[in-house]
Structure formats: C-alpha cells, structure tokens
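Down below is the structure, laid out as structure tokens.
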Amino acid sequence: MASTLPPLGGGNGGPHTQHSLPSLPAHLQSDTHITGHLASRFHVSHPTAKLSSHALVCLNTYTSSSKGPDGGKPGSAMAGAEDMADRAWIRLGHRSENQAVVFLGESGSGKSTIRSHLLTALLDKSSTPLSNKLSLAAYVFDSLTTTKTATTPTASKSGLFYELQYDTSATTNPILIGGKLLDHRLERSRIADVPTGERNFHVLYYLLAGTSQAEKTHLGLDDGASGSRRWKYLGHPTQLKVGINDSEGFQLFKTALKKLEFPRSDIAEICQILAAILHIGQLEFESTNNTSATGDDSGGFSHEGGQTSTTVRNKDVLGIIAAFLGVSMADLQSTLGYKTKMIQKERVTVMLDPAGARAHANELARTLYSLLVAWILESVNQRICAPEEDIANTISIVDFPGFAQQTATGSTLDQLLNNAATEAIYNFTLYNFFDRKAEMLESEEVSVAPTSYFDNSDAVKGLLKPGNGLLSILDDQTRRNKTDMQFLESLRKRFEGKNPAIEVGSATAKLPGSNFYTENAAASFTVRHFAGEVEYPVKGLIEENGEVVSVDLLNMFNSTKSEFVGRLFGQDVLQTVNHPIEKSTVMQATISSKPMRAPSVMSRKGGRGRGIASQRRQQESNLFDSGNTHAESRSPKGGNKGGIDQGASGQFLSSLDNVQKAVTDPGTNAYFVFCLKPNDRRIANQFDSKCVRTQVQTFGIAEISQRLRSADFSLFLPFGEFLGMADAETILVGSERERAEMVIEEKRWPSNEVQIGSTGVFLSERCWMEIAGLVDGSAAQGRFALPSSDGYGNDGATPGERDAFGASKEQLLSGGNTPLMYGEKGKPGYFGSDDARSEAGASAIGGGDMFKNFDTREQMAERGNEKNLEEIEEFKDSPSRKRWVFTVYFLTWFIPDFLIRWIGRMPRKDVRMAWREKLAINMLIWFMCLVAAFFIVVFPMLICPKQNVFSAAELSSHNGKDGNSAYVSIRGHVIDLGSFADRHYPSFVSRKTMLNYAGMDVSSLFPVQVSALCQGTDGSVDQTVTLDYKNTNMTGSPALINSQDLNAQYHDFRYFTNDTRPDWYLEQLIMLKGNYGKGTIGYSPEYIAKLGAKRQVIASIGSRVYDLTTYTVGGRRLRTKPGESLPSDPKLADFMDRKVVELFQNQAGGDITKFWNSLALAPDVKARMQTCLDHLFYVGDVDTRNSTRCKFAEYLVLAVSILLVSVIAFKFFAALQFGGKNVPENLDKFVMCQIPAYTEDEDSLRRAIDSAARMRYDDKRKLLVIICDGMIIGQGNDRPTPRIVLDILGVSETVDPEPLSFESLGEGLKQHNMGKVYSGLYEVQGHIVPFLVIVKVGKPSEVARPGNRGKRDSQMILMRFLNRVHYNLAMSPLELEMYHQIRNIIGVNPTFYEFMLQIDADTVVAPDSATRMVSAFLDDTRLIAVCGETALTNAKSSFITMIQVYEYYISHNLSKAFESLFGSVTCLPGCFSMYRIRAAETGKPLFVSREVVDSYATIRVDTLHMKNLLHLGEDRYLTTLLLKYHSKYKTKYLFSAHAWTIAPDSWKVFLSQRRRWINSTVHNLIELIPMAQLCGFCCFSMRFVVFIDLLSTVVQPVTIAYIVYLIVLVATKTTVVPITAFILLGAIYGLQAIIFILRRKWEMVGWMILYVMAVPVFSFGLPLYAFWHMDDFNWGTTRVVAGEKGKKVVISDEGKFDPSSIPRKKWEEYQAELWETQTSRDDSRSEISGISYGTKAQAVVSEYGFPSRPDSTTGFAAHALPYDSRNNSRMSLAHSDMGHHRMSQFGGSQFFNPDDMVGLPSDDALLAEIRDILKTADLMTVTKKGIKQELERRFDVPLDAKRAYINSGK
C-alpha cells in the first residue's frame, strides 16, 4: 500500500544533513547512535533535529541561537522554533484545534530562549498592539521569576502556562484576541536565601541599577559610594556585575508595565515595595531589655527592669520599610519581634530571639514579593485576557523549571513540587507518543508494532495520585497538624512494598556509640524519578507545606495607611481562615501556590450559552477547583472554618492537574521541544557525548524515535474529509475506503506515516499538509497573509509596528548586553526596536524621578504612624491636678511647646505634658539638693568666711624641716620662702642659708625708708627719720630675727646709706605678696587684749591689727649720710598725729574701729594716717577662727552627720530583734498562694511552684493559684508558659476547658479578656496541694500576645473575684467557674480563705515562711500585711548582682525593720508578701475591700504620676492603698520569713529596675504624705517615717556630695571636726556590721566591701538617672485631649468597651439555675445546654465539669460530689465529717466522676477479697499497690476509683 518516499527532511549532503531522527536507519536508533548523529550535526552548526513533526530537539550552542551553518537564520534553533510556530499556526487555522507546545530540558539547556523565539514567531503572525502587549507581559513575567543560577544566566523559577487566545470561527487565519499568563509555584524561598554564586530574581537587581539618583534617594538605595553597601538579599556583591545589563532591564521593565497600561503611581508603588524588600534584608536584630514600662508588663523581680525583647538595631532602615508599607515603626518592630502560631487549636505568641526575628523578617519579604508578583500578573491578565466566551481556540506554551537533583535554596518543598511537575510533564510526553492514539488505533483495527520504553507511571501515580499520592498525603497531614515523623509513617504505610518508585527511610536511627534507637534527624524518603533518584529530607516539610503567612503581619497590614499595600493584602491569592465566632478575626492565612485563573481550554467546557460575566465567574470557580476535593474560598475576608483547605502541595497538585487536563484534552494537539545541553561547563561549541547521551537517555528520545518509525500519526481524518482534501472526485468507483486506498497508493507515503482504519485515515502531519496543499512553511506564510481587518475594527496594524515585530525576532536592543542562554545579547522576542529606541535611555517615567509627585518618605512615615482613634470616655480634672498643672507651667514656662515637639520629637500633647511634669519635678528635686548642698557647704562659709591667717605656732611649724613647707613673715605678711629661695638674686646666697629663716619673722631684714611709706601729718616726712621694728617676743607672736643680722645690710637702701632706693622695700613687698603670698599673721582678740594688758600699744581697726609700741617707746631716730649734720628740729621724728597715738595708747588691746571712725581729723590727714598705719605699723589680721560664729559653722556639719547616723542607729535598734525562731504550732487558717507567670522558664516555674507546695503548712488549707499572663512562648522556651505550668502540675494536654469572659485592665476593647480555668491536686515530695490555674487566652480577635494584660491584671483577677465573693456581687463567667472549681471541686468555700501569699514566678520561699507569717497575723489582729526577707539566688552571676547582695540585706534588716517599728512598711515587695483578705473578728474585707480594689483597678493611667504609681511599682502602690484606706491597720516586716529571688544581672536591666523603684517610691510617698490621720506622738509616726524616706530618696545624690566634701576637708585641714564626722559615718557601717555579726552572716563582710565600692552608683548615679527618666514609658495609643467646658476626652484606637458584653450573675442565681437544670434532666449523662459558661457538664453537681481536670490528681473531692452543693455551712474541710472522711488519706491520684463507679465491685466484695489475699500473702512484703493490682486481676476491672477505699484498709 505505502511506497518508500524520501523520508521527511532527507538530504544528500552526508549523514549530518538528515534532520529527522526517525528517518535514520534502524541500526542507528540507539541512544549512542542518536547522540553521535546529534554531534555530527552540532559540529557543522546544525544544533537542531526533529522527531518527525511532533518535536524539536535543540542543543544549546552557548552562542547565538539565531545563526545557522551559513551565519544566517536557516538551520538555527530560532529557525526550528519558527518552523514549529508556523505548523502550530496552520493547524490552529485549518483544523481549529487547540495547540500546546511543551518544553522539556534541564536547567541551562536554553528552554527560556527557545520559548521566547517561539512566542515571538507566534505573535508575529498577528502583528497588532495586542501582540505587543502579550510580548511585554512575557517580559514582565520573566523579570519577576527568572534568576541567574550556577548553570544559566536566565533560569526560570516558576512554572509558566502562557495561553494565546484566538478567534478561529470566521477565517482560517486565526485572530489573536487575548492571552493569559498562569504562573505555577514561584520559588519563594530564593527571596531571602540566595544560593552562593547565584542571583535573586532579576527585577531586584534592575531596581538597584536602573533608578536615577533622585529615585535612589527616595527609595533609600543610595547609601554611601556605589557598591559600598552589601545587600543581603542580592547575594555576593560580585553578582551585581555578571554581565547582565540590569540598568537597561529596569527601563524595559518600566516600559513594559507602562505599555501594559499600569498607572504611573502603581509602577512607583511596585518599586517602593521592591525597595522595601531589599531593606528588609538589611535589618539587624539585637536582644535588648525593653525598659520602657507598659501597662501589660508582667513577670517577677528579675523582669522588673524590663522584658527581654528583640529590637531592630538600624532604626533608619526600619523607618524606610515602615514608610513604604504604610505602618508605624513601632508596630513593625514589635511585629517582627514576636510570632503568633497555632499550637493545638491554641493561638500562642512566641517571643522571638534575634535569629527568630530575622526569619520572621525573611517571611515578610517572601510574603511581600509573592503578593506583589501575584498582583502584577493578575493585573496583567485583567488587561490582556479575552472573555472566555469569545475564545475559540488557544495556543498554550508550557515551560516548567528543569529537574532539580538537589535544592539550591534549601527548600525541600520547592524541589519536590518542581520535580513532581517535570515528572508529570514527561509522563504526558510519553503518553502523547506511545498511548494517546492507541485506543483509537485499536478501535479502527490498525495494528502497530509495539515499542518498549521507560514508563514513569509508578513515580507519577506515587507522587500525584489524588487522595493517596505522596503530595495528597503531605497535604492531608499538613491539614491535620501532624508532625514530620507522622507524615513519614503515613508514607511508609502507603508505599512500602506497594510502589517501586518511592522508598521510605527509617524514622529512627542508632546514634554512634549508642545501643538505642532515637528519632532520626535525617529521616527522608527517596523518589525514583525518570531523571534519577532524589532523596527528600522530611524535616520541616509539613511546616513548609503549610506556608502559613504570619497572622501578626496580616494584622499589622489591616491598618496600613498605604492604599497599594492594602490592595496587595486584599487579593484572592491570600487565602484566610476566619474565626467561627468573630468573623472579622483572621486565624490563619496562606498564599496560594496555584494561579488564580485556569486554562481556557477547560473553562469552555461549561458551554457558551450564558451571560458573559456570570458564565466566566462560574467557569473560573469551577475550574479553579478542578481536581480539588475541597472547594476553596477565594474571598479574602470570607474564609472557612476548619483551617486552610489545601497546603502548597495540594494547591500545586490541583493546578498541575489543570495543566495536564488542558494539554491532554482531545481537542488539543501537542508539540514538544527537547532542550539539551552539549556540555555541563557552558563552553561554546563543545560537545560532550557523555553529557548529551545521558539527556537523550533520560528523555527517551531513542524510544520515541523508534516509535515514530512504526507509527507517526498526528491526525485522524474520516474518509469523507480525507477524500475531499485529496480532490478524489475523479475516482468514481469503489467504497470510500477503497478510494482512499487508491489516493494513498498514488501518493506513495511510507507506512509509518499513513494507515487506513475502518472509518478513516491516520496521517502524519507532513502527509496532511501535503494533501491539504500546505506543503511548507513559506507557502503557509505567503498564503495566509493578514486580512485588512485585525479583528478590532481597525484597518490592520501599521506597517511600522509590523516591521518592528518582524525586526524583533533577532537582536532587539543594540545597547543591551544581557547574555541569555545562547550567549546572545538582548531580550529576544519581547520588545520591538521602536520600543527600545524610544524608552531605553532615561527613565521612562517622570523625567528621571518617578516619585516626583509622590509623598516624601517622611510624609509616608507620618501617615503610617497615625492611629485611628475614637472617643471612649470623658472626665474632669481634680482641683489638686489643676494646681499641679499650674505649678508645672509656672516652672517650665520658658520652654515653648514647639521646641519640645520638634527637638524632643513628641507630637502628642500628653507626652509633652509628662515631659514638662518630669522637668518640673526634677527642678524641685535639684532645688532641694541645692538647698541641702548649700546648707552643708556654703552656709557654714557664709557664717564663718575662710581666713588665710597663720598663728605664731602655725608659722613656726612651716620651718622647712621634715617635709614641711618654708614660710616667713614680713611685717604681718606670710611669704612662701621655699618657692622664692631658688629665684633669689644674687644667686651666691645658698638655698640652705635662706631656709634657716623658715618659720620666723624676718621683718628686721627689710629696713624701711619712712618718708617713702608715710606722708606724715602735713604731707611729708623728713628723709632722715628712721623707725625700728621690734617684736614683742611673747609666745603668741612670731619669732623675730635679730636686727643686727648680717644679711640685713644687703636690703638696706635708706637715705643715709651709699645706695639710696627709697621705694625698694615697697616694690619688693608688692612682688613677694603677689607671687609668693600665703596669707597674714593672725592675732586672736584674746591675745591682742593680753598684749594690751602688758603695756603694748596694739589694737585692731576692722580686721587689721596695728602695733605702735616701737613708735611710742623711742624707736624713732634721725640719721644722716656721713658728713651731713643732723636736723635741729627734734619734732621732725613725730610724723604720726598725736590724736592717733593717744587713741592707740588709751585703747590698747581692743578693737578701736568705732573710735577710729569717730576720730576728729581732717579727711586728708586721716587718709595719710591710714596709709602710715598700713605700711609701717601693720602686724597681721584678727584671727576669728575660734569665734562662736565659726564654731557654730563647724559643728553644723557635725550635727548633720549626727542626724544621719541617728536615723541609722534607730534602724539598727529596730533590726536588733532577737528572740528565738520559735516554730508556731499547726495553724488551721486557709491560705491562698498566688503566683503570676509570664515568660519564665520551666526551671524557675518549677522551683516557685514546688517551694510553695512544699511549705510546712497544712496542705488541705493551702490553695496554689497560678495565673498565666497570656499565651506566650518566652525566649528560650519550647512551649507557651501556660502549657509549661500545666505540664508541671500534671494536667493532660487533652483537657481543654472553654475560654470564659472576664474584665481585664486594658485600653478600650482590651478590657474584655477571656481565660480558662483548670484545677486539681499537685503531688510533690509527699505534699498533695490543691491548685487553680487561670490562663488568660484573650479574645479570638487578639493576635499579638493574646490575653497578656500585665502583672497588675493578674493580681486583679483574684482580688476582684474575692471582692465579689465577700460582697456577694454578680460575677463574670470566669469568676463563676473559679467559684465552682474552688467550692465544688476542691471543696472549700472561697469565703474561708483568710490570707493571701503573693510570690513571683522566679521566687523560692522557705518551707516555714507561710506558717511564720500566719502566726504573725494571729498574734496581731491589727496587722493587714506582712513581708519577709528576700535574698538573692543569683548573687554571684555578675558584678551587678554582687553589689546588690548587701543592699538587699540592709534594705530589709535596716530600712524595713525601722519602718516596721512604726507599723508602716511602705513597700511590701510583690515577690514575697502576705495580705489579710478579711478581718478576723468581723469578716470585713480588707485586702479586697471595695476602695482598694477600685483604686488598684484604675484603667485610665494617663498622667505621669499615675503611670509611675501603676506601671512602675504596682507592689508599692498596693501597699500605699492599704495604708491609705486601712490606716488603723499595720504593715510589718518579719525577719524570720525567708525567700530567694533573682536579681537583674545586666547593667541595663538593673538600671531600669532601679529607675522604676526610685520613681515609684517618690510618687507613692507623695501619695502618703497628705494623709491627715498618719501623724502620731512627737511625729514618731508613719508620717515621720514617710518623710524621712522621701527626703532620703530625693537628696541621695547630695549625701554622696557630702561625703566627697568631707574627704576634701580632711585632705585640706587636719582639724578634729571632719574626722569626727568620718568616725560617725564609719559607725554607720559598724552598726550594720554588728547586725550581721550577731546574726552570724559572716559572708556579708565581703558583700559589704563591694557595696561600699558601689555606693556612688546607688546613691548618686541611679537617683539622677531615675529622676531624669521619670517619663520613660511606652505611652500606648490611648491619649487625652481637651474637650468642651474644661472636660477631658480619652481617645483610643482599641475601640470602646461595653461592660454589658460580659454577662454577670450572682453565685446563688447561677447555682439555682444549675440545680434546676440538673434535677430536671435524666439520670443519663446528658450535656447541659443554654446556661453553661464553662466546659461540658458530666457530674451531678458540676455544671462545668471534669474535662478540665487533670488525669493525675487525687480523689480530693471524689466523695463530695453527690453532696448538695447548696449546703455550704459545713464546707470547711477541717471540721466537716465529710471533709474529714474525704481527706483522711491522700491516696488516689485522680478526680473521679461518680458515674465511673458503675460496674465496679461493692466495698463488701472488695473487703472479702482483700481478706482472702491477706490470708496467704507474705505480710512482710505485701503493699497496698500490690493488693490493688491483685484485686484488678481478680475482678478484671480497673479499680482506680476504689483506690481510696482499698488504701484505707477498712
């Protein structure tokens, strides 16, 4: 029948000219020979071959893909792609079939390049503006999803299904009407994890390289010189310069978006998001202590300085990101610092460490990029996609990333899904060649010789089978929250021994050196893919498959101020699950791994008759879920109940199924392109036979070629159609079949290309084209030229456009230098040359700055920081507040508000007001400090100014011997001889000679010329007058040297000498006083009087002393030069006025100032006399240092010291409380022990809980109440704190009570909180203690730190509960459940509890502490609260803790003991204090009284004072309230009760803790001082204590200044007084030492030394730091603004709280309802509906029931349950018979339901059996446990419920 025509593509030029592989002879059809044939073609520049008409085999030449053997296009890969496009086009037009082109090949084989050539060729067929857009859309897709890898510069990292949509109904020339881009599974992991030597997605590099300088500045990309900043998300800096023209790429990217009709603003927003992603990579995190106090602070002593939190180090980068994303910096930082997860239906917040925060930031970057890509592609599709009903046919291009032997980015999931897709595509390829026509051939009775081939069905079924394939199992296990190991076990069950392609590894392994199996950390499964075996580790696979987007991020972006970011997060691609009750609350979200649209091939199955819009919507949704068992909600807000329906694998599977269905659709004709790499090293023109042979083998090209040799059928034509085409009307005889046979005989086609069936003819494509008259591509192109209309009503495309796309086939962008896979430049197929020319230069938009009309970054940031606020309450300021505000403004008026706003960066008015208040308080404190300093230092100096005088004894002590300085006096002036000696001229007088005069009066060495120094009575004195200088030579006067001293002659320049220099003396004296003066000689008033009595003419005027003795007793003489005669007038020597001389003589020895002032002398005479006195008779100054005034000043300093020490002495005596530590007898009072827990670790919590449980106090009368503040996983913990607590207490994870509402302390809606209640018995070291655990879980809408409201709120839960119990008020659901648990489960009426012990979760209490405290309460009924001594457990962990040890010791044993004397300890530490709940005699509530509870529950904390009270020192404030409202009661310190806590060990936390303490001290003491009733006898009262405390706190810095001042005094003066002061200060520590010596605390000696070294820190540094940081708070979002008529309005972004949203009932009403319900129902165990706040009811009494019971606690209340719970008169376990019976033995370890007793043996039967057992048992070895086990064996039932009876031995 068939002849032997020349085969397809034959030729005569040697073997390499044969381009069709099936046409090779049979002996050349092996892998090796085909590889050889490809090699021979490759070497002559023929890089392609064909598999008949079905497939193209392309070898990557790594040079140009458009050059053939002759340098032209023919023979090139490009020509091959165009040929395929021509044939697809012809079939599309002539047969109206859908066409699909499927690409296969490894990464680096050139798929993307061939794909672009093919797309270009197809779009060239209809050169319209739309084809331009479709080309640009492909470029945008590639920019976003391709990257450079180790194997290729353009590796696609997302599966592409690109659909070109045509209308073929009107003509054989199809009209292009649209396109659709479907991306499958972008490799998101690459964003934050760029493999070494590879790049991230190209668009990120484009952005960095292509933006102008102005744009870079706006985007924050311009740091430093170019290239100096290393971008974490861009890999190694070398990747920025790898020969890809990124700058040009960016211009093209923008151009493409612009031509795709993206608004300019959207393009700019896209760039901002990309920049934000780059910046997210730059964030650096550090672990810090958040020292700003907030209302929801929680935790114990060690946390008080601030919670450990993770913050961003580079805030500038954070600011840029926050601005672009439209959120506030604070929100962004805190959101990155924690992560909310779902753990077993519980929402838990994990406090992240820096590494965790970095991972969270990476997740943000991945989420943003994924959403951005999804949004851009969906926007592109909206612009290019035609309505489904208009589409007649499509051409689809399918190109998925190549097979991956190992993962580059570390994502196993990406690798698995990628390989599953290549497996599916390869399977379809095999199906197409081997099985697709098999059924039809069979039905047409055509037999074809079978061909063997490698079938990958096992792998495909194993991976992709819906329901129980590997991906489906992975999805199912993810949905059911299974672990990786459970997933592995599921795979084992499914595949072991059932599927040869999948091998499951072991879940356990033996570690080296161990004999035991442990969990295998490297557990994996292996899949035998068609391209090789791949081992996939399971670790982290389930979590990765969940791909859950952090709810925290969603929550943050809900309030974004950026409209664009809002659009990104509002897409359908982001699938959310909403809370079943609170619909607005998102519980979980994922980004879909499948495209948001489906292939049109499938969409059209719905029919064409309906309306366009509705039909399309219906089709989209039907299709979207095609192959998907769970219908997926596409509404972003809608969501479903049970969690996300599909994980990544399920979604990918579903989308892959859509692709397969589209390609295998009967109406679709598929072509294949096999891309091969000639070598692995990317070397041009090198052919590695081994490398190529492996690929030929992998893809089964030889088998396919053999198959085509026997059956190359592409079409089936019924006889009629075939004959019509063949123009066979001329053949008139025979049936249709016979006529067809005749035509075929005539055509002489080979038998493998044509076969006749029973109803028609099977043809190859070549034969069809021949018979249809479409012999080659050129004919096709020539024959089917475009018609005049382009289908859009235009007159066809302009010639220019058509030419452009004609030109665009090869090298489009002459300026480009982007190497593609084939080593060519440019972007093939995307841009016309016109586009390139017009817009490749400067930035396409906005003349170099696309952000020209945008908000600046600062404006964006400001917008992001704004909150949406609403009014929540109104109030008026109190008069005292108004007075204080006036004072503040009075003190700070000089600082204008705008300065605080701009320089202090405080936009909020309330924050600025707090700053003013802080400044005012600091000014007052500084003023008090200055007053104190003035009083200590300046005041004494004002009373007794400092005198530089030397007594005779002091002068003589400066004699230059024994290291003393050498001073001399000259006429009353003291000169430093030691300093002057070396400068004495002439130099022949030795220093030693000079120092002989030290300590003496050397006035005699300096004779004076009287006429030069005194002008006498009448204005002149005769030159011959001389005056001797004589000392009195008494013990009080300086020792005068002899006037005959030999050295005197050298200084004698008087008139009668040869060398007369009248002014020499005065000049020398001025020089010596100026340079070497030390002071003057001092004469005390007593000594002057003594001299006067001894006939000395000496007196003082003012402070100066004058001695006229020598003048009066003849010391005046007249002396002339030799040869001159003496003047005759003897009165020449009387140069002083007589009245002056007489005054001195008459008043000698006294102060004559008054007389001098009233002396009757002419003013000029008096002035001359004063000069004479000063120069000739002055001998020194009056020494007042021992006067009463100066003594007072000295002793004032001493008095202050004595005052300080007296207070300490008081404290010392207070501390000397000896007396034996008598251990009190057993007490029968009921005590609650409250432990608030926050983020402590398990060790701390266990220590605290165990120490409380092990206290030596009747276990039945203790109740541990542990309150967990929020569902939070602390740093370093592996579980949330509540779970740690419940695990310690032995509560099973299966116990899950209902969360119940209660009121909390919070802003706005945060006042509504929810909590869970657990109770049971805790067994530890022989103690069995009842416990109640309250877990604050928050409302479902709380995303961040759910339930967390702070330590004060935790205290309030119990305080408010007890308050409502004692006042019989209506309670919230949580409180009713607490009441029920305490009363009906634990069996004690809550009113019985008298005392509450509060300890912190990091505190350990001594075993006898509760007993000692309770006995103190019993001894003194006026005692309301008591605290014990707290020491440190971590004393030696750092220097910071070491300096605190002694301070803790003395603060308790001195300060608190001192305050305790007055019955007013002003600070009871929350870490270890006990309170009296109600008065012993009257039952009146004390600790939980209405006033205390209401004041402590203040929610509006908006002033500096309130914040310091309630946010800094809530413990101290609680004490303040007790003293304020119960002033007749006392608070005491009990030194015999001990606890140990953890102190801050880092400087920052220590600083913060002390800041809190100091400031809260100041503010609390200010609260206490105004209380009138606090004054007592002689002020020895509480107010005295408070005032002393406040004063000492405020002036602490001055005390240090005082000590420093004393040290300086001692150093400068050796007088006795400062030394006395030091002795006193030493006594302070001496007294302290006595205390610890008497207490035998010898180790305190060392700690004391450390403490003394740190005193400057404690007393000076810390207070000053604290006072200035008084306003360092986290101010929250609630703020106060001025309202009308003096009112203030509180506004908040938390929303307004409605108290009625929490239902409240009294216990009696609730119990009556409960009782009614229980009595009206059947005996069967039915559930109560309608009134239960709590868990399901199971027991007769308990409406809340036992699911909330742990499984390992005693039968504490087992027998009490049937008891009428209304009979509350005998509920005390101590005195009720029932209680006694129940408590007689703490056997048993469970709570039992009476219904559990059904089917158990009776007590009598048990007793009989026990007796029987004991008859034969060895009584020495028998145990209760053994007897119980034997009974269980005999009765064959578990007897846990009867354990108490068995153990009782009755």
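Just so you know, glycine gets a Cβ as well, placed from its N, Cα and C.
As the structure is a computational prediction, the values presented were derived from the model and not from experiment.
Among the features that Swiss-Prot reports, ATP binding site is placed at Gly105, Glu106, Ser107, Gly108, Ser109, Gly110, Lys111, Ser112, with the record citing sequence analysis. Annotated compositional bias 'Polar residues' per Swiss-Prot: 620-630, in sequence order. What Swiss-Prot records for 1-779 is domain 'Myosin motor', and it gives sequence analysis as the kind of evidence. Taken from Swiss-Prot, the feature domain 'Cytochrome b5 heme-binding' applies to 947-1006, supported by sequence analysis. What Swiss-Prot lists as domain 'DEK-C' is 1800-1850, and the listing cites sequence analysis. As annotated by Swiss-Prot, N-linked glycosylation site applies to Asn245, Asn290, Asn427, Asn481, Asn558, Asn1033, Asn1058, Asn1186, Asn1453, Asn1559, Asn1767, with the evidence given as sequence analysis. Positions annotated as region 'Disordered' by Swiss-Prot: 1-27, 289-309, 593-647. Annotated region 'Actin-binding' per Swiss-Prot: 656-680, in sequence order, evidence recorded as sequence analysis. What Swiss-Prot lists as transmembrane segment is 884-904, 923-943, 1196-1216, 1568-1588, 1590-1610, 1617-1637, 1644-1664, and the listing cites sequence analysis.
Here the Cβ of Asn1186 (N-linked glycosylation site) has 13 other Cβ atoms within 10 Å, regardless of which shown protein chain they belong to.
Of the listed binding-site residues, namely Gly105, Gly110, the sparsest CB environment within 10 A is found at Gly105. For the pair Asn481 (N-linked glycosylation site) and Ser107 (ATP binding site), the Cα-Cα distance reads 35 Å. Taking the domain 'DEK-C' (1800-1850) as a whole, pLDDT averages 83 in the prediction. For the recorded positions Ser109, Asn1058, counting C-beta atoms within 10 A of each C-beta gives the highest total at Ser109. DSSP gives Ser107 (ATP binding site) a coil state; it is part of no helix or strand.
If you take the Cα of Gly110 (ATP binding site) and the Cα of Asn1186 (N-linked glycosylation site), they are about 107 angstrom apart, rounded to a whole number. Each residue contributes its Cα atom, and for Asn1058 (N-linked glycosylation site) and Ser107 (ATP binding site) those atoms are 119 Å apart. For the pair Ser109 (ATP binding site) and Asn1453 (N-linked glycosylation site), the C-alpha distance works out to 82 angstrom.
Calculated from their C-alpha atoms, the gap between Gly105 (ATP binding site) and Asn427 (N-linked glycosylation site) amounts to 14 Å. With helix defined as DSSP H, G or I and strand as E or B, the domain 'DEK-C' (1800-1850) counts 35 helix, 0 strand, 16 coil. Each of the glycosylation sites Asn481, Asn1559 was scored by the number of other CB atoms within 10 A of its CB, and the lowest score belongs to Asn481. Cα of Asn558 (N-linked glycosylation site) to Cα of Asn1559 (N-linked glycosylation site): a distance of 38 Å. The recorded positions considered are Ser107, Ser112, Asn245, Asn558; of these, Asn558 has the fewest other C-beta atoms within 10 angstroms of its C-beta. Below 8 angstroms of C-beta separation, residues 891-892, 1189-1190, 1192-1194, 1196-1197, 1200, 1594-1595, 1597-1598, 1601-1602, 1605, 1667 of the same chain, each at least six residues beyond the ends of the transmembrane segment (923-943), sit close to that stretch.
The two recorded residues, Asn1453 (N-linked glycosylation site) and Glu106 (ATP binding site), show a Cα separation of 79 Å. Distance from the CA of Asn427 (N-linked glycosylation site) to the CA of Lys111 (ATP binding site) is 18 Å. Within its own chain, Asn427 (N-linked glycosylation site) has Asn456, Ser457, Val460, Phe530 as residues 6 or more apart in sequence whose C-beta sits under 8 angstroms from its own. Under a cutoff of 8 A between CB atoms, and with a sequence separation of 6+ in the same chain, the neighbours of Glu106 (ATP binding site) are Thr151, Gly402, Phe403, Ala531, Cys675, Lys677, Gln695.
Across the structure, Ser107 (ATP binding site) and Asn1186 (N-linked glycosylation site) are spaced 102 Å apart at their Cα atoms. In terms of DSSP helix, strand and coil, the domain 'Cytochrome b5 heme-binding' (947-1006) has 19 helix, 13 strand, 28 coil. Secondary structure by DSSP for the region 'Actin-binding' (656-680): 9 helix, 9 strand, 7 coil.
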